[in-house]
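*Asks:* Quick paste from TrEMBL:
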- D75: active site, for OMPdecase activity (ACT_SITE)
- K77: active site, proton donor (ACT_SITE)
- K77: active site, for OMPdecase activity (ACT_SITE)
- D80: active site, for OMPdecase activity (ACT_SITE)
- D10, K48, 75-84, T137, R199, Q208, 228-229: substrate binding site (BINDING)
- 4-244: domain 'Orotidine 5'-phosphate decarboxylase' (DOMAIN)
Amino acid sequence: MRNPVIIALDFPGKKEVEAFIDPFVKQKVDPFVKQKVDPEEQQQIWVKVGMELYYQEGPQLISFLKEKGFRIFLDLKLHDIPTTVQKAMNRIAVLGVDMVNVHAAGGTEMMKRAIEGLNSGSPGARRPLCIAVTQLTSTSQEMLQSELLIKESMESTVSHYANLAKESGLDGVVCSPLEVPHMKAVCGEDFLAVTPGIRLSGDNKNDQIRTADPAGAKKLGSDFIVVGRSITGSVDPLETYMTIQKEWGIFHETTNC
Ligand SMILES: O=C(O)c1cc(=O)[nH]c(=O)n1[C@@H]1O[C@H](COP(=O)(O)O)[C@@H](O)[C@H]1O
């Protein structure tokens, strides 16, 4: 079964989140919207809570979203010395979120200790998936070379960071859909590719550089797509979510449509 689209809740506070999720909750929308499916097969909607929202609302917002039945990717992109990251991950695990992330640039020791922190904070429970940001989707090949002084291609750099993440015991990486085939060839099909930088054709790219549309991301092998402004900034977010789910292929693999 495909993973549903992850909606990036990039809002300043809970008030805006409540207004946004209201139609989703009211219609009890699931990723197979408008299709009759066996309730057993229904999946929960995934949302991503990032720095802006979490720094404003804190752990209470996570409890609120969990009570509403959402699955949660807590995107705080940890990047610090290993001990600090381990201790922070122990606290994050206690929140009971489904997915968390670090920057692979923190190195293998930091990533291993992130997993240790998550394990120690999830006794008896399944630890959250932990993925590593390889290169932000706002970084261009030109920036990679001129600002970060990385001479390799974007694809090789992403795959190298992904390999370090795999060696450190992580579950996958964040990259753009464009690097997924190379990354999977290096790390294997089972190593997760979570890909932001998703735009519908005609959408403003804003600050994203390495982008693809949902169908393109599917073709390139992404496991999860993360979509923010294309949904949150649209006139009818629920309708746009459904359109993206369809392009992403949810219907295709679960119904006869
Ligand atoms: O880790 C992330 O989620 C992330 C990594 C990355 O390389 N690029 C990236 O855009 N993101 C996040 O994905 C979301 C993309 O939002 P939109 O550009 O509005 O679709 C934002 O919340 C970003 O913080």
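Each residue, glycine too, has its Cβ placed from N, Cα and C.
TrEMBL entries are annotated by machine, without manual review.
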*Asks:* Near ligand 1, meaning Cβ under 6 Å from any of its atoms: which of the recorded positions D10, D75, D80, T137, G228 fit that description?
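*Replies:* Once distances to ligand 1 are taken from each Cβ, D10, D75, T137, G228 fall under 6 Å.
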*Asks:* Tell me which of the recorded positions D10, D75, D80 sits in the most Cβ-dense spot, judged by other Cβ atoms within 10 Å.
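*Replies:* Per the Cβ count within 10 Å, the most buried is D75.
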*Asks:* Let me know the DSSP-derived helix, strand or coil state of K77 (active site, proton donor), please.
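*Replies:* Going by the DSSP assignment, K77 (active site, proton donor) falls within a strand, counted as strand.
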*Asks:* Among the binding-site residues L76, H79, P82, T137, which residue has the largest number of other Cβ atoms within 10 Å of its own Cβ?
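*Replies:* The residue with the most neighbouring Cβ atoms within 10 Å is T137.
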*Asks:* Using a 10 Å radius around its CB, how many other CB atoms surround K77 (active site, proton donor)?
*Replies:* 15
*Asks:* Nearest to G228 (substrate binding site) by Cα distance: which of the active-site residues D75, K77, D80 is it?
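*Replies:* Sorting the active-site residues by distance from G228 (substrate binding site), the top entry is D75.
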